[in-house]
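Peer 1: Sharing a structure with you now.
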Amino acid sequence: MKFAAIFVLLANAFSAGMMFLASVFISRYGGKDLFGFFSVVLGVVVIGAKISTLGLDVAIVRFLPEYRFKKLSGISAGMQRFSLLITFGVSCAGAVAFAILLHFVRGYAPVTAMTAALCLPMAAILAVLQSVIRADANVSRAVVGEAIVRPACFAAGLLFAYFSALGELTQPSVAISYLIALVAAVLVVAELVRRGNHIRWQERFAVTKSQIAVWMGHGFNLLLSESATAVINQAPIVLAGLLLSASEAGEMSAVIRLAMLVIFALTAVQSVITPFLSRAMSRENQSELQALVARASGFAMLVALPVCGVFIVFANEFLSLFGEGYESATPLLQVMLVGYLVYAAAGPASGLLTMTGHHAIARTVVCCAAATMIIGAGAAMQISGLSAGVWVSASVIAVYPILLAFFCKKLLGVDPTILSLRFLLKR
């Protein structure tokens with residue numbers, strides 16, 4: 001597990017770094033408007049991919065370890081294939097709707113609209129395949145596609161478009177580069193699934209309607225939680241693009257992308273411990289649950305504190321990397337950094353509630369936070385502009401993880417916050 005945690009951390013650091021550099025490259029050589037376009041499209045793809053899975057990607061990680069433990073191989077194989085089929089169908093329908101919106105409502109060229117829309121099913125299929133691998137506790141392999149192949153291929157595509165093919169960055173070239181990166185990631189993860197025999201195609205498809213109802217019911221709760229989390233992280237960018245301007249969406253994107261680097265370690269370690277949380281819960285081992293989340297919280301804060309400190313002190317310098325005109329967002333970045341630091345201090349509360357059967361509580365809290373984000377940040381931007389929107393967004397990002405941690409303590413008797421380190425000291 002220690003090796004997996006280190007590898008996942010390094011992979012997520014690579015992904016965050018490469019996507020940050022790609023964002024800087026687009027902003028400096030394509031301008032604020034192009035960067036705003038990419039940020040809005042990426043935000044919609046991230047949210048749309050979560051919705052397209054119907055929560056089955058997380059349900060796979062929740063149920064497959066249990067099925068494997070009970071040696072229900074037919075149900076395991078059936079769940080994997082069912083999830084892939086449903087995700088493919090829903091994501092294709094979403095891609096058509098997204099393409100129509102981009103072309104007929106926003107006025108983008110057909111090639112740009114179609115290419116950006118095709119990113120949606122690719123991202124959704126990638127999420128399900130990664131969950132199939134993660135459910136077998138192969139968390140290090142599970143991140144290869146999204147955290148290594150995708151950002152590396154995207155960066156290579158941007159460099160090729162600018163220095164070799166076109167001599168400039170355009171909306172179609174950025175969209176095509178990202179689509180190629182997602183296709184490459186899907187192909188690599190599919191090969192890992194084949195080599196590891198994670199989907200046993202030869203097994204009989206032994207699935208009943210009642211089992212599908214359980215998955216869909218659990219998946220629906222997870223869908224709302226996962227989609228709402230994506231909305232919380234991406235809504236400020238999308239709202240700025242819709243309510244303000246592409247230029248201000250670019251500023252908001254720069255602020256969000258830098259601030260989210262504070263929690264990349266928490267995201268990495270949460271993906272590592274998720275299958276272990278499910279296993280500990282199935283054994284009703286509360287001490288193991290507490291030890292897992294305490295180590296996760298400590299590890300996350302070990303990275304979050306220095307990253308946040310450096311970014312607060314050198315906020316102006318980091319924003320200037322995106323090009324001229326971003327330095328004015330320095331106070332906004334510092335506010336958002338504090339919000340994400342509190343987020344990191346709350347620990348893996350959402351994953352803990354989800355994997356221990358309290359997904360309804362997690363869903364309610366996260367969905368309320370997402371609704372507050374959309375309504376509050378949207379109203380603030382309409383009334384007072386970008387600055388007010390950032391303050392509201394940072395407040396939501398800081399408060400809702402604390403509520404999740406409160407319910408973890410109340411329902412499970414497990415403290416997921418940084419304060420849980422006291423339990424490790426007593427052992």
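Glycine residues also receive a Cβ, built from the backbone N, Cα and C atoms like all the rest.
Just so you know, TrEMBL annotations never went through curation; they're auto-generated.
So TrEMBL lists the following for this protein:
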TRANSMEM  34-61  transmembrane segment
TRANSMEM  82-105  transmembrane segment
TRANSMEM  111-130  transmembrane segment
TRANSMEM  142-163  transmembrane segment
TRANSMEM  175-193  transmembrane segment
TRANSMEM  213-235  transmembrane segment
TRANSMEM  255-277  transmembrane segment
TRANSMEM  298-319  transmembrane segment
TRANSMEM  331-353  transmembrane segment
TRANSMEM  360-383  transmembrane segment
TRANSMEM  389-408  transmembrane segment
Peer 1: Could you check whether the transmembrane segment (389-408) packs against the transmembrane segment (175-193) - three or more CB pairs closer than 8 Å, residues at least 6 apart in sequence?
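Peer 2: No, the transmembrane segment (389-408) and the transmembrane segment (175-193) are not in contact.
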Peer 1: I need to check the long-range neighbours of the transmembrane segment (213-235): which residues 6 or more away from its ends have a CB within less than 8 Å of a CB in the stretch?
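Peer 2: Sequence-remote neighbours of the transmembrane segment (213-235) are 42-44, 46-47, 50-51, 53-59, 62-63, 79, 82-83, 256, 260, 350, 354, 359-360, 362-363, 366-367, 369-370, 373-374, 377, 393, 396-397, 400.
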Peer 1: Determine which residues of the chain contact the transmembrane segment (360-383) at the Cβ level, with the cut-off under 8 Å and only residues 6 or more beyond its ends counted.
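Peer 2: For the transmembrane segment (360-383), the list is 221-222, 224-225, 227-229, 231-232, 235-236, 239-240, 243-244, 350, 353-354, 389, 391-393, 396, 399-400, 403-404, 407, 411.
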Peer 1: Could you tell me what the rest of the chain brings near the transmembrane segment (142-163), counting residues at least six beyond its ends with Cβ under 8 Å?
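Peer 2: Apart from its flanks, the transmembrane segment (142-163) reaches 7-8, 11-12, 14-15, 18-19, 21-22, 25-26, 29, 126, 129-131, 133-134, 169-170, 173-174, 176-178, 180-182, 184-186, 188-189, 192, 268, 271.
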Peer 1: Verify whether three or more Cβ pairs under 8 angstroms connect the transmembrane segment (331-353) with the transmembrane segment (298-319), leaving out any pair fewer than 6 apart in sequence.
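Peer 2: Stretch pair touches.
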